[in-house]
Amino acid sequence: MTCNPVRVGVLFGGKSGEHEISLLSAQTVIRALDEAGYETVRLGITKTGTWLTGADPLAQLTSGKGSENGHGKLKEAGTAPLASRSTQFPLMQHSERLPPVDLIFPVLHGPYGEDGTVQGLLEMLEMPYVGCGVLASAVAMDKITAKALFAAAGIPQVAYRTLLRRNWAEGRESDAGPRKNRREKILDELESALPYPLFVKPANLGSSVGISKVRDRAELARAIELACRYDRKVLVEEGVHEARELEVSVLGNDAPRASVVGEVVPANEFYDYEAKYLDKGSRLLIPADISPALADEIRLLSVRAFQALDGAGLARADFLLGADGQLYLNELNTMPGFTASSMYPKLWEASGVPLTELVGSLVDMALERHTDRRQNRIHR
């Protein structure tokens, strides 16, 4: 482990629909870093995008004081050399600058945090940070783009189709005469290509936000409408009959390794947002009750998926196992949940890596990757 005390800035909150999950994850990460002997600096981002420092931004955001109504009571952080005039709450100059840190642990889930945006900012600042870089973060967040790279790497996936919110919106009014409107045509094309049940997802979101399982045309139309609220691109996937949901954690930079395999047994029909974070009926089985050969295959595919995106630090690979024994990669999460009920830390604990050692390894990997990156020449 690196020499303590290393000062770690823990970044949490954010503008995405996974704001609350980020706060829960941050609590776990901060506690583990403190127990491991690191010095932590808490950095919060409100739902409107304002960065916060001060005594305890985590407590402020968790209590709801980080909302628009409570904005005036919060201590804003740092300076904004570039601020859009259209931004309602830009970063404001403050007499108390952010305290210096050695690296950032961005415990941010979803858009504006896990999608390469914050990673790009930290790259510009030449600040070491935990987790995947700009490329892997951005690609993994976009499920449609990620599928293309996974396919090129020979990783099995379910059949799928895509559509744009623009095309769906343009089909609201029926065409004149006997021609069907565009929405009906879109539904026809999806039904002819993929059998029910189907899963409809926003291309760029996590924690199962905006995802629907559908069994007929009416449900499909409503699910597309819901997904379009969250993203301009929509993914429609073929469902897997009697699917088992298997997950594995990946850790490392250029030589990543995979944890034991776990299984999610949701109380609902699939592992949606409520099942992940609110429903106590869902169960996590660690290790999963599968053959050693299948477990080895899943770990191998997890590492291959991680490397296909040029991952770094950490990720969680999610798989579906059909009743026929066919295995499919569902997605790769580059900043998986770190809550008390989250699979990522639980899988490593079952693999002999306790939480304090896990966060210490992530800090070391962040510093190692930053040192390696600084060897790159950017001028002739």
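Here the Cβ of each residue, glycine as well, is placed from N, Cα and C on the backbone.
Automatic prediction, not curation, is the source of TrEMBL annotations.
Record features (TrEMBL):
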ACT_SITE  Glu18  active site
BINDING   Lys143, 199-201, 207-208, 237-245, 330-331  ATP binding site
DOMAIN    147-364  domain 'ATP-grasp'
ACT_SITE  Ser207  active site
BINDING   Glu331, Asn333  Mg(2+) 2 binding site
ACT_SITE  Ser342  active site
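Each residue contributes its Cα atom, and for Ala243 (ATP binding site) and Glu331 (Mg(2+) 2 binding site) these two points are 15 Å apart.
Here the binding-site residues are Val240, Ala243, and the one with the most other Cβ atoms within 10 Å of its Cβ is Val240. Separation of the C-alpha atoms of Glu331 (Mg(2+) 2 binding site) and Ser342 (active site): 16 Å, rounded to the nearest whole number. Asn333 (Mg(2+) 2 binding site) has a Cβ environment of 24 other Cβ atoms inside 10 Å. Geometry remark: Lys201 (ATP binding site) versus Asn333 (Mg(2+) 2 binding site), CA distance 15 Å.
Taking the C-alpha atom of Asn333 (Mg(2+) 2 binding site) as reference, the shortest distance to any of the recorded positions Glu18, Lys143, Glu237 belongs to Lys143.
Annotation for Glu237 (ATP binding site): spatial neighbours Val158, Ala159, Tyr160, Leu194, Leu198, Phe199, Val200, Lys201, criterion Cβ-Cβ under 8 Å with sequence separation of six or more. Taking all protein chains in view, 25 other C-beta atoms sit within 10 angstroms of the C-beta of Lys201 (ATP binding site). Residue with the densest Cβ environment among the recorded positions Glu18, Glu331: Glu18, by other Cβ atoms within 10 Å. Between the CA atoms of Lys143 (ATP binding site) and Glu18 (active site) there is a gap of 17 Å, rounded to the nearest whole number. When other Cβ atoms within 10 Å of the Cβ of Asn330 (ATP binding site) are tallied across all protein chains shown, the result is 20.
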